[in-house]
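All remarks here apply to the structure that follows.
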Amino acid sequence: MVNLNAVAPGGGREYYVALGLEGSANKLGVGVVKHPVVGKHEGGDFSYDCESQILSNVRDTYITPAGEGFLPRDTARHHKNWCVRLIKQALEEAGIQNAAKDLDVICFTKGPGMGAPLHSVVVAARTCSLLWGVPLVGVNHCVGHIEMGREITKAVDPVVLYVSGGNTQVIAYSEKRYRIFGETLDIAIGNCLDRFARTLRISNYPSPGYNIEQLALNCKKKDTLLELPYTVKGMDLSMSGILAYIDNLAKDLFRDNRKNRQLFDRDSDEAKISVEDLCFALQENLFAMLVEITERAMAHVNSNQVLIVGGVGCNLRLQEMMQQMCQDRANGQVHATDERFCIDNGVMIAHAGLLQYRMGDFVKDLSETVVTQKFRTDEVYVAWRE
Amino acid sequence: MSVPFASYSSPDLESHVFRVDPTCPRYQTTDGSTTGPSPHVLNAGQIDKDRPSEPRTDDNGQITTLGQLRCHLTGLQDEINDFLTERMEIAKGKKTKLEESREQRIETEIKGLLDGGDDNGNDDNS
C-alpha cells in the first residue's frame with residue numbers, strides 16, 4: 001500500500017515544500033511547490049492528485065542567434081551565471097523567508113540531458129543543501145514531466161507521449177515502472193524541428209519549434225500536402241532521414257534549383273512550394289507518426305487517455321491531431337498542459353522530487369548526486385504508485 | 001578564510017596540486033580567461049549576457065570574503081583548464097606519432113611484400 005505521508009513535513013508543518021532546479025538543456029528553471037498533508041494519501045494511489053500549490057515557477061532560456069544550436073559549454077556557462085539569481089527570485093516569489101526552516105527538500109535533475117549544464121545546476125543544488133541543511137533528491141527529467149502532467153490534468157493512468165528536444169517516447173505505467181512502448185531510433189522530434197529551423201535560419205526566440213508552428217499556420221496549400229518519407233518502424237520511429245530529405249528540399253528552394261520538379265513547376269518554372277508549406281508538411285508528417293504509435297500503445301494497454309508532455313507538447317496542431325484520433329476511440333481523452341508546464345521547468349522537478357521524498361527516497365550521501373547524461377525513464381522505481 | 005585548492009592525479013601522474021596565488025592577476029578576477037563564451041557563438045553574432053558579475057566590495061573598497069572565493073575559484077578553474085588542455089595536446093601528439101609509426105610500418109611491410117620480400121622470407125625458412 002502506498003503511503004505518501006511516510007515522511008512527516010519539517011518544523012511541525014501541515015504541508016511539504018520543495019525547491020526544484022532544472023537545467024538539463026537550454027532552459028534553466030527554478031520552482032517551488034507545496035503539498036498539503038492529506039489523509040487519503042496514506043492509503044492508496046493518489047499521486048495524480050496531491051493538491052499541489054505552485055508557489056513560484058521562474059525560467060531563463062539560453063538563446064543563440066538564428067541558425068545556431070546551443071553548445072554544452074555555453075549553456076553550462078549560462079546556467080552557472082544565472083542559477084543563484086533565479087533561486088533567489090523563486091524563493092522570494094514563493095514567500096520563503098528562511099530556506100533552512102521552510103524547505104523540506106531540494107530537488108535537482110539527475111538526468112538525462114546535456115552533461116555540462118546538468119553539472120552547473122547540481123553544483124548549485126549541493127551548495128544550497130549544505131548551506132541550509134536540507135536533503136537532496138535527484139529526479140529523472142522524464143518522470144518529472146510525467147508527474148507534473150498527471151498532477152495538472154488529473155489523468156489517472158494515461159498513455160504518455162513524451163515529446164521534446166531530446167526525447168521522443170510513448171510510455172505507459174506498469175508494475176512500479178514507466179515502461180517505454182516506443183521511441184525514436186535516432187533524433188528526437190524537437191531536435192528534428194529545431195535543426196530544420198536552423199536550415200531556414202529562423203529565430204530561436206521564443207523557441208524554434210514555436211516559430212515553425214506559426215509558419216505552418218500560414219501554409220496556403222494545406223490540401224496538397226508535400227510528400228515526405230514516413231518512417232514508423234513497429235512501435236518506434238525514425239526522423240533523421242526525414243530531416244535530411246526536407247533539408248535538401250529547403251536548400252534547393254533557397255538555391256533556386258529549378259531542376260527540382262518537386263519544388264518548381266515543369267511548365268512555368270515557378271516555385272510550387274513555400275517555406276510555410278515545408279513547415280506544414282514536416283509537422284503533419286511527424287505528428288501523424290506520433291499519433292500512430294500512440295494509438296497502438298493505447299490499444300495494447302487498453303487505455304483511453306493520452307497525456308502529452310514535453311516542449312513539443314505545447315504544439316496545438318499535435319494536440320488537435322491527437323484529439324481527432326481519440327475521438328474515434330470510446331471515451332478517448334487527450335490531456336495536455338500549456339507552456340508553463342510543458343516546457344522544461346523547475347516545478348516539475350520539485351513535484352516529482354517531493355513524491356520521491358514523501359516515500360522516504362532521498363540522497364544519503366553526496367556521491368549519489370552525480371548527474372548522468374543517460375538515464376532512461378524505466379530505470380526509475382516508481383514507489384509512489386500502486 | 002581557508003583558501004581553496006585542487007589536486008589532480010592519473011595513472012601516469014602521481015599528483016598535481018593547484019594552489020591559489022593571491023598576487024597573480026588570474027586570482028583577482030571573476031572573469032576567467034578560459035571560461036568565456038565559445039568563439040563559435042560570438043562569431044555567429046551572439047551578445048554575451050552571461051558574463052559573471054564583478055566581485056563585490058565592502059564599504060572600504062575591499063573585496064568581500066565571498067567575492068574573494070569567487071576570484072580564487074575562477075583562477076583555479078583557469079589553471080585546471082590550461083593544465084588539462086596541455087595534457088590533451090600532449091596525448092594528441094603522442095597518438096599522431098604512434099599512428100605515423102604504425103602507418104610507416106604497414107607501408108614498409110607492403111613494400112616488402114610487393115618487392116618479393118615475402119618470398120625471400122619463405123626461402124630463408126625452407
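Yeah, the Cβs are placed from backbone N, Cα and C, and that goes for glycine too.
Bear in mind that TrEMBL entries carry predicted annotations, made automatically and left uncurated.
Predicted, not measured: the structure shown is a model, and the values here were computed from it.
Matching A:TYR162, A:TYR173 to the divalent metal cation binding residues that TrEMBL gives (A:HIS141, A:HIS145, A:ASP344) identifies A:TYR162. Site annotation (TrEMBL): substrate is bound by A:TYR162, A:VAL163, A:SER164, A:GLY165, A:GLY166, A:ASP194, A:GLY209, A:GLU213, and the candidate from A:ASN57, A:ASN315, A:ASN331 recorded at this site is A:ASN315. DSSP classifies A:TYR162 (divalent metal cation binding site) as strand under the three-state reduction. According to its DSSP assignment, A:HIS141 (divalent metal cation binding site) is helical. Cα to Cα, A:GLY166 (substrate binding site) and A:ASP344 (divalent metal cation binding site) are separated by 11 Å. Sequence-distant neighbours of A:ASP344 (divalent metal cation binding site) (same chain, 6+ apart, CB under 8 A from its CB) are A:GLU22, A:SER24, A:ALA25, A:LYS27, A:GLY29, A:ARG59, A:HIS141, A:SER164, A:GLY311. A simple way to gauge crowding: the CB of A:HIS141 (divalent metal cation binding site) has 27 other CB atoms within 10 angstroms, across all the protein chains here. Across the residues annotated as binding substrate (A:TYR162, A:VAL163, A:SER164, A:GLY165, A:GLY166, A:ASP194, A:GLY209, A:GLU213, A:ASN315), the two Cα atoms farthest apart lie 18 Å from each other. Mean pLDDT for the domain 'Gcp-like' (A:54-350) in this predicted model: 96.
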